[in-house]
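Participant: Below you'll find the structure I mean.
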């Protein structure tokens, strides 16, 4: 009998075991779609980014004009740029929903998968940050100046570190060229880490909404979830196209249409919307080093989440108190995002400080207490 090529060919076998014959829980919901959507985001960003890099010039005197040239004179350059800029926003929407899903359903108990996922988030944030500097507009320049300057808060080595990162005594040409190099490299690092993420995931198999072992009831990934994923792809690509074609500048900062000028500071320096929650936490502490530590902690806290799990149930599906706390945390993050976009004045300062305190309080203190309380209430 002829061998089935799909199951025996060294390369096809890997694809088959990951995307076709992969045993998958029969009850996973639409929330499990976001992993593959992130894969599509990454592919889209790499393709559009490669096309943009072919026309971009990483030089302070030419960068802004090369982007303008791309939008005016390159065939569909405006579309490629808009897809790339808004694709980043969709990437972050998907990754935040993906992390939220993992948090809600206890997927973080697959510790290796979760930790690689957090490293992926950090790499994505670094990629987005260096990418935002490349058009060399006002917000690009001042964003780069403000954020890189934070490293100077590190005791003893801070100033040396910043000047080493800048390649000089301020954000200038060397900074732009190295940021372009990093922005080109990091997406491929993300692709590599994604494979590691999937390798660890396929060691344990997917979690499911009930948070219970599902080995007794698995179904093949294809055709059941491949068709379900295609629906997700279509919805996401339609929303990306809609955003890029109808309101491409909705999420951008108008300040970035002005070429970078080191002599004129914009009235309100703020990052893109997907960093605003962390920016609000940074600003809520009136001390530079303290703010930097809080900023780092706001994301690195994700590494602690598997250690803070006190409940005897994996998922929050049957834990109403934890559910309430989870949605309070989501609301808190939305408040932080809003505060981060506002000027530093009353009442935003105090709102930001309360929201920042609540963020750490909920994750570090309230979730473990409520988890233990629910065990007691349910006599577990």
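Here the Cβ of each residue, glycine as well, is placed from N, Cα and C on the backbone.
From Swiss-Prot, here are the annotated features:
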- 84, 183: heme b b562 binding site (BINDING)
- 98, 197: heme b b566 binding site (BINDING)
- 202: ubiquinone binding site (BINDING)
- 34-54: transmembrane segment (TRANSMEM)
- 78-99: transmembrane segment (TRANSMEM)
- 114-134: transmembrane segment (TRANSMEM)
- 179-199: transmembrane segment (TRANSMEM)
- 227-247: transmembrane segment (TRANSMEM)
- 289-309: transmembrane segment (TRANSMEM)
- 321-341: transmembrane segment (TRANSMEM)
- 348-368: transmembrane segment (TRANSMEM)
Participant: Round to the nearest Å and give the CA-to-CA distance linking residue 183 (heme b b562 binding site) with residue 197 (heme b b566 binding site).
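Facilitator: Checking the Cα atoms of residue 183 (heme b b562 binding site) and residue 197 (heme b b566 binding site) gives a distance of 21 Å.
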Participant: Between 84, 98, 183, 197, 202, which of the binding-site residues has the fewest other CB atoms within 10 angstroms in the structure shown?
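Facilitator: Minimum Cβ neighbour count within 10 Å, taken over the binding-site residues 84, 98, 183, 197, 202, occurs at 202.
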Participant: Between 34-54, 179-199, 321-341, who has the most Cβ pairs under 8 Å to the transmembrane segment (114-134)?
Facilitator: 179-199
Participant: Would you kindly list the residues that approach the transmembrane segment (78-99) from elsewhere in its chain, counting only those six or more residues past its ends and only Cβ-Cβ distances under 8 Å?
Facilitator: 31, 34-35, 37-38, 41-42, 44-45, 48-49, 51-52, 67, 70-72, 117, 120-121, 124, 128, 131, 236, 239-241, 243-245, 248, 251-252, 272-274, 302
Participant: Considering only Cβ pairs within less than 8 angstroms, which of the stretches 34-54, 227-247, 289-309, 321-341, 348-368 has the most against the transmembrane segment (179-199)?
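Facilitator: Checked against 34-54, 227-247, 289-309, 321-341, 348-368; highest Cβ contact count belongs to 34-54.
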Participant: Any contact between the transmembrane segment (348-368) and the transmembrane segment (289-309), i.e. 3 or more CB pairs below 8 Å with pairs at least 6 residues apart?
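Facilitator: Answer yes: the transmembrane segment (348-368) meets the transmembrane segment (289-309) with 3 or more Cβ pairs below 8 Å.
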Participant: Distance between residue 202 (ubiquinone binding site) and residue 98 (heme b b566 binding site) at the Cα atoms, whole Å?
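Facilitator: Distance (Cα to Cα, whole Å): 17 Å.
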Participant: Roughly how many angstrom lie between the C-alpha atoms of residue 98 (heme b b566 binding site) and residue 84 (heme b b562 binding site)?
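Facilitator: Pair distance, Cα basis, whole Å: 21 Å.
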Participant: State the non-local partners of the transmembrane segment (227-247) in its own chain: residues 6+ outside its ends, Cβ under 8 Å from one of its Cβ atoms.
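Facilitator: Distant contacts of the transmembrane segment (227-247): 30, 33-34, 36-37, 40-41, 44, 79, 82-83, 85-87, 89-90, 94.
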Participant: How big is the Cα-to-Cα gap, in Å, between residue 84 (heme b b562 binding site) and residue 197 (heme b b566 binding site)?
Facilitator: 24
